[in-house]
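Each remark here refers to the structure printed beneath this line.
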Amino acid sequence: MRPIKASISADAMAHNLRVARRHAGAARVFAVVKANAYGHGLSRALRAFGAADGFAVLTLEEAASLRQMGVDKPILLLEGIFDAGEIAACAELDLWPVLHHARQLDWLEQQRPARALEVFLKFDSGMHRLGFPLAEHAEVVARVRALAGVARVTLMTHFAQADDSAGVAWQLQPFREALDGHGLPWSSANSAALMRYPETVGDWVRPGIMLYGASPFTDVPASGLGLEPAMTLRSEIIAVQTLAAGEGIGYGQTFRADKPMRAGVVACGYADGYPRHAPTGTPVVVDGRRTRTLGRVSMDMLCVDLSECPAAGVGSAVVLWGDGLPVDDVAAAAGTSSYELLCALAPRVPIEEVGRNQEAGRGFGNE
């Protein structure tokens, strides 16, 4: 069998949820499990995040899967309903849709659900992505409260720069000033806001990336936040090449040796989810030693520098990210984010669960 695999630790995920809960205080916690739980598998996330107060997903299909798995806790639909036909499913499955544009309100006025829904009413406080304008808050809140198909309302916004130096005040202050007078519960904190800005906690928090052991910040590593990596992508060296000075390796020969050296060929490529654009120098660990990639990443293989790994050879263990090599470090070197790397794990990569919670055994990335 090809040696690449991803090890996923439910124990690490459960630990990271406990970290989130410590920051949340008395607020309730939605575990964000969209995008197949950031590539970790929805069923695995469900077992790991059993202590969450609810789950946040993107689509009706994800929500239905959670209900089929036996989840009876609140499920938040982060983009709400996409057409009037989804209202009935929200009622049947007891889902909490996010309402963020007027057509959704029109649908709820025209088609009363079989049971009144709990909804999250989203306002745009400056990110300019989803949400009603804050200037329209009085009219919008009154309209939603008047809907016979709505049982309870929670106010919501999302931060654009909680993870950088601009912070959240420029969004949080106008959001609170506009909406506090309505006397409704509210939710604003994502992972970055939850860990850095306690004033954003509100009544519900929505941690995502931190639950999977990656840092939401570029200036603080995950270990510095007390987080543990949930996914470790491993493989092995399947060939060793000896390069003379001036010789290149891989497509385009973009790397050329400046002296004689050994290079290892690793069974991992962009078809496995490794970033194709990762340049020479992207960190990798071989037999416990940190080294670097060489040249272009191929579909099924990549090459690594063995200069500092004299004992390495065919069969040597390689960590692409995870235990001993933060996914954030790989993402930074490749000019991307840990979110993208984790979500991009390919279905062809076998997954092995580690830790106490191993009911699913060995499977594949799309399970």
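Glycine is treated like the rest: Cβ placed from N, Cα and C.
Listed in Swiss-Prot:
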type	residues	note
ACT_SITE	Lys34	active site, proton acceptor
ACT_SITE	Tyr251	active site, proton acceptor
BINDING	Arg129, Met299	substrate binding site
MOD_RES	Lys34	N6-(pyridoxal phosphate)lysine
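On the structure: features taken from Swiss-Prot.
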| residue | record | contacts (Cβ under 8 Å, 6+ apart) |
| --- | --- | --- |
| Lys34 | active site, proton acceptor | Ala56, Val57, Leu58, Thr59, Glu62, Leu78, Gly208 |
| Arg129 | substrate binding site | His158 |
| Tyr251 | active site, proton acceptor | Gly295, Arg296, Ser298 |
| Met299 | substrate binding site | Gly269, Tyr270, Ala271 |
| query | Which three-state DSSP class does Tyr251 (active site, proton acceptor) fall into? | reply | helix
